[in-house]
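Participant: The active site, proton acceptor feature in Swiss-Prot is assigned to E264; the stated evidence is sequence analysis. Sequence annotations record features per position, and here Swiss-Prot assigns active site, nucleophile to C298 based on sequence analysis. Look at Swiss-Prot and you will find R116, N169, Y170, R297, C298, T299, R451 tagged as substrate binding site. The NADP(+) binding site feature in Swiss-Prot is assigned to K192, T195, D230, E391. Taken from Swiss-Prot, the feature NAD(+) binding site applies to G245, G246, D247, T248, G249, supported by similarity to another entry. The site 'Transition state stabilizer' annotation in Swiss-Prot covers N169.
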Amino acid sequence: MAGSGVYADIIEGDVFKYYSDGEWKKSSSGKSVAIINPTTRMTQFKVQACTQEEVNKAMETAKKVQKQWAKTPLWKRAELLHKAAAILKEHKAAIADCLVKEIAKPAKDSVTEVVRSGDLVSYCAEEGVRLLGEGKFLVSDSFPGNERTKYCLTSKIPLGVILAIPPFNYPVNLAVSKIGPALIAGNALVLKPPTQGAVACLHMVHCFHLAGFPKGLISCITGKGSEIGDFLTMHPGVNCISFTGGDTGIAISKKAGMVPLQMELGGKDACIVLEDADLDLVASNVIKGGFSYSGQRCTAIKVILVMQSVADTLVEKVNAKVAKLTVGPPEDNSDITPVVSESSANFIEGLVKDAKEKGATFCQEYKREGNLIWPLLLDNVKPDMRIAWEEPFGPILPVIRINSAEEGIHHCNASNFGLQGCVFTRDINKAMLISDAMESGTIQINSAPARGPDHFPFQGLKDSGIGSQGITNSINMMTKIKTTVINLPSPSYTMG
């Protein structure tokens, strides 16, 4: 399905083209980058290895086209976004097929990601019209010592060219979460997709192409991060960077210079379970929060901090549910599918071996076939184990037994991450106090961590990020304030 039908223009031979100047192009490098299917561990797709000169050309065009796009009426911008959203949903099957083959996301979840992405784009259109359609009016005499001789008019104007870098795990959804706000705000956008997920992104970008956006307003540049990564993030034509991924973002933030940054860099999301918690509810949320998409989510539960008095019961309930998880290929909608790469699988295995050497209790036998790792609950994990602190990004979940809520809070806050967390208790007063004490961007009460709905604020503290996402916050972040002051010859008071 990939590269066929309406998508025939985006591929030549067995290599997908990149998108620039409103056209699908082959790179002058003559080189390509292979995309490995996580399930078969064989080359599934190839994409262009773009050059630095091709990056320059995309940036140059984006700068020019953005000036005109900024003068396009808000209603027209919104109209085109709604059209792109409809096309995206119409072709959800082809894009979902790419996700299945590139990142081993279960087929049903892949379709859900595309539909959710269409909804996000439409919401951006609506929210942008509301948000950007209003300005602010200030008068000077509210500040001491001033008469009403100055009228201040403020509005939000675009930043210019946005560089968007989404991660492999939600390449389409986390691309449009940057594209939608950028475009409705009047910006141009250059997309650097992840290698795993690049073809899904190219298919998604073609939907925007079919919607009729101005040529050059959107570019999708594929290639090796080692060759064009730093060149893109340090490019003088970039006016803002929106990045979702791992600790690469820290290096980007140090090199980016004087441009606004929106960064989400992973987490070690803690789940604190008190004695009065509904343990059946906890167990269900642990499965959903810890093992969906094989734990390859920034907002996955990464460590359970459970009170000693209820730990045995909770572990028993979770183990019963783990036993029912299906393991296999994404085409079969298995609960647990292969992790994205061999290097990821090796990293996860290293955490497992460390835990075993240091005495963790294995609730299941550790099993791995290629990139496929069976779900594993590790009980009696201690703070000296790597799994207590590091983000596995896989179906491995540690349980640390605690004797007080304060102990759980301390472990959460001792982490260098601070993305999300959750607390389970029937006492809302305790829940609020614990939420306030946890140094994380979002705390869920009686539910697993989650990104969304997509209009909710989404942010990380500490090494988990810079700034806040969510549709409204992203639109605001991709604009700046412009002020015009009208100076009157004498004070003027309404109806005075």
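If you go along the chain as it appears here, the first residue is 1 and each next one adds 1.
Backbone N, Cα and C atoms are what each Cβ position is placed from, and that goes for glycine too.
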Participant: May I ask which of the recorded positions K192, D230, E264, E391, R451 is closest to G246 (NAD(+) binding site) if we compare their C-alpha atoms?
Facilitator: E264
Participant: What does DSSP say about T248 (NAD(+) binding site): helix, strand or coil?
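Facilitator: The residue in question, T248 (NAD(+) binding site), is helix (DSSP, three-state).
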Participant: Name the secondary structure element type, per DSSP in three states, that contains the residue listed as 'active site, proton acceptor'.
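Facilitator: Assignment for the residue listed as 'active site, proton acceptor' reads strand.
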Participant: Hey, what's the Cβ neighbour count for D247 (NAD(+) binding site) at 10 Å?
Facilitator: 12
Participant: NADP(+) site residues K192, T195, D230, E391: biggest Cα-Cα distance, Å?
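Facilitator: Greatest Cα separation within the listed binding residues comes to 25 Å.
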Participant: To the nearest whole angstrom, what is the C-alpha distance linking G249 (NAD(+) binding site) and N169 (substrate binding site)?
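Facilitator: Between the Cα atoms of G249 (NAD(+) binding site) and N169 (substrate binding site), the distance comes to 16 Å.
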Participant: Rounded to a whole angstrom, what is the largest C-alpha distance between any two of the residues R116, N169, Y170, R297, C298, T299, R451 that the record assigns to substrate?
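Facilitator: The widest Cα-Cα gap among those binding residues is 18 Å.
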Participant: Mind checking which of N169, T195, T248, T299 has the fewest other CB atoms within 10 A of its CB? They're the binding-site residues.
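Facilitator: Checked N169, T195, T248, T299; of these binding-site residues, fewest Cβ neighbours within 10 Å: T248.
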Participant: Ranked by the number of other Cβ atoms within 10 Å of their own Cβ, which of the recorded positions D230, E264, E391 ranks first?
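Facilitator: Within the set of recorded positions, the most crowded position is E264.
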Participant: Could you tell me the C-alpha distance between D230 (NADP(+) binding site) and Y170 (substrate binding site) in angstrom, no decimals?
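Facilitator: Given the Cα positions, D230 (NADP(+) binding site) is 22 Å from Y170 (substrate binding site).
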Participant: Would you mind sorting out which of G245, T248, E264, C298, R451 (the recorded positions) have a C-alpha within 10 A of the one on E391 (NADP(+) binding site)?
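Facilitator: So the list reads C298.
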Participant: Name the one residue among T195, D247, E264, C298 whose Cα is closest in three-dimensional space to that of Y170 (substrate binding site); these are the recorded positions.
Facilitator: C298
Participant: Looking at Cβ-Cβ distances, which residues of the chain lie under 8 angstroms from G245 (NAD(+) binding site) while being 6 or more apart from it?
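Facilitator: Listed in sequence order, they are I165, P166, P167, P194, E264, L265, G266.
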Participant: For T195 (NADP(+) binding site), which DSSP three-state class applies?
Facilitator: coil
Participant: Tell me which residues of the chain lie with their Cβ under 8 angstroms from that of R297 (substrate binding site), as long as they are six or more apart in sequence?
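Facilitator: Expected: N169, R451.
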